[in-house]
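Asks: Dropping the structure in here first, questions after.
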Amino acid sequence: MEARVAEAAARLARQENEIKSLTAEIEHLKNFGCLGISPSLEGLRDENAKLKYRLNFLQKSLQEEQSKTVKSMININSRLQEIFGAAIQAAYPELENPPLVVTPSQQPKFGDYQCNSAMGITQILLKTKEQKVSPREIAEKITKHIPANECIEKVEIAGPGFINVHLRKDFVSKQLSSLLVNGVQPPAIGKRKKVILDFSSPNIAKEMHVGHLRSTIIGESMCRLFEFAGYDVLRLNHLGDWGTQFGMLIAHLQDRFPDYLTVSPPIGDLQAFYKESKRRFDTEEEFKKRAYQCVVLLQSKDPDFIKAWELICDVSRKEFQKIYNCLDVTLTERGESFYQDMMKDIVKEFEDKGFVQVDDGRKIVFVPGFSVPLTIMKSDGGYTYDTSDLAALRHRLLEEKGDILIYVVDSGQSVHLQTVFAAGQMIGWYDPKVTRITHAAFGVVLGEDKKKFKTRSGDTVRLMDLLEEGLKRAMDKLKDKERDKVLTPEELKAAQMSVAFGCIKYADLSHNRLNDYVFSFDKMLDDRGNTAAYLLYAFTRIRAIARLANIDEGMLRKAAREEVIVLDHEKEWKLGKCILRFPEILQKILDDLLLHTLCDYLYELATTFTEFYDNCYCVEKDRQSGQIMKVNTWRLLLCEATATIMAKGFDILGIKPVERM
């Protein structure tokens, strides 16, 4: 290992020197260009652009080398892009930002990966140079310039100009051994950035319903992914804990529990309490007037009314926490009330910069590209959701100094959020080239009738009812399989919770979040197909293989350091490559925030493992006696590597596997 680190350090030093040299040359060219008298100025500008491209490429290589010294798992796709990027640059140095397309091959006959850049380069040469060159000829030229590397066994040119890449078996074997010795390491991300995720966000005094399920599950999983990748993550729960509805709630509290300041009111069912207060607000004029007075006193921070507000919030908070505990979700509460004192400054800042118009007493802000303005102050002087969302955005950017902001909110809020983001950019709070702000939108949950998921009476489904139903059905499923006869009561309880909550989460996460999805307990608890039930059962079977061979974790760790993982059988080779695709899967999700890609990968990994296990004996037994005759340790190591990746995948998805099911 020390020799490899020394070699990497030497390569880093050489690259740093070249980068310094190139930087100096670029500065020289800049200065020369500024004279404005050179007849070959255009040529110098072209050369400058090429040098910048080369500089960027070297800096990326430098980052890759640095990542290798800290044991991050190699992203094979990125490594191949680096290699082919160097080959294309060497073959066609005159091209600026040539296309770089490397993907896993879909069929074994096309190798392990494919580089399909030749077609794009053909078009560029025809368009910019008026050169007609066949993609195959370009592919041949690229392959001749592939630098010496540790991972490519051979390349072949197929069809019109596809470059089929075959990986070296010793390279794949070493990466698998490294995975087992060092554990699952995150992909290299360079500079550590701060990520702020806004998710879940229920309303105080209302119960969480099935509509909150998606935001909560998706947001939690995104947080886990960014945390694993090494980002500084702030998980925010933007609670609806302020507004006019608190006036009627406080007025009703005063009537029902007049001594609430000294005796904690026994509000058992906050939903019923809310409905009672709403009915009175709609039907009793005197109560309605008192409710408005309560709002004014609350907003003026009257201590008695703040106490009433806190009591109501606490009841809700405890109910929310029961659900968060079930789903293993962690959040930092920062509701609308947190931003109330910032509203005045938001209005003033937009006024000072000349963005505010007055319309029927309202203060509004038009944002270029959006037809509906933001209302930042109502005609009665009150603030709006627009004001509070702008205040939250400003605080996250300027006070929290977030580099990446992600709002996990339903698709129906898309136009509103995009308008708020654009307003923040317009006023100068952030530059989208520097700060990434994304609305991670999602569709609605449908019932099996393909309509919005409701109870038989037409009410919204309470989230706690849904989770309890999941627990009941999971236990029924386990008892149908007679697991209650082989598991201890503690193991059975753990399996029940793993299956129930794992299946509910996976059913959501395995669908593209942009689409609506049909909620079906029968489908999600099916142990066939791409479900959590199938993956959890597969995981327990994999973990049992070494245990049944009397091989413990210590023995496997020792074997990982000493034994070579043989990949001669086609199913061993297929499984080994599939395991090592994990870093590129994670990188893709960090880019597009589509978590179903991870679910698809885990299902592919489980089915690839099944193919391997059906064709390659890990433990060979005597057919008559059942006595173990031979243990193929390298295959047990492949089992362990598969389970290790699956466990990390489950962790990112928020699913808790069990050793026995």
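Glycine residues also receive a Cβ, built from the backbone N, Cα and C atoms like all the rest.
The structure displayed is predicted, hence computed values, not measured ones.
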Asks: Among Gln185, Gln413, which residue shares the L-arginine site with Ser201, Pro202, Asn203, His212, Tyr385, Asp389 according to Swiss-Prot?
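Replies: Checking Gln185, Gln413 against Swiss-Prot: the L-arginine site match is Gln413.
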Asks: Given a Cβ distance threshold of under 8 angstroms, which distant residues of the chain, six or more beyond its ends, lie next to the region 'Interaction with tRNA' (530-544)?
Replies: 477, 498-499, 502-503, 505-507, 510, 523-524, 599-600, 602-603, 606, 609-610, 639, 642-643, 646-647, 650, 655, 657-661
Asks: Which residues, given as numbers and ranges, are at least 6 beyond the ends of the motif ''HIGH' region' (202-213) yet have a Cβ under 8 Å from it?
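Replies: Result: 239-241, 245-246, 249, 270-271, 273-274, 312-313, 316-317, 319-320, 323, 335, 410, 444-445, 453, 460-464, 466, 504, 508, 519.
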Asks: Based on DSSP, name the secondary structure state of Gln413 (L-arginine binding site): helix, strand or coil.
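Replies: Gln413 (L-arginine binding site) sits in a helix per DSSP.
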Asks: Express in Å, rounded to the nearest integer, the largest CA to CA distance found among the L-arginine-binding residues Ser201, Pro202, Asn203, His212, Tyr385, Asp389, Gln413 named in the record.
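Replies: For the residues that bind L-arginine, the greatest Cα distance is 19 Å.
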Asks: Return the residues near Gln413 (L-arginine binding site) by Cβ distance under 8 Å, restricted to its own chain and a separation of at least 6 in sequence.
Replies: His439, Ala441
Asks: Taking the region 'Could be involved in the assembly of the multisynthetase complex' (1-72) alone, what is its mean pLDDT?
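Replies: Across the region 'Could be involved in the assembly of the multisynthetase complex' (1-72), the average pLDDT comes out at 52.
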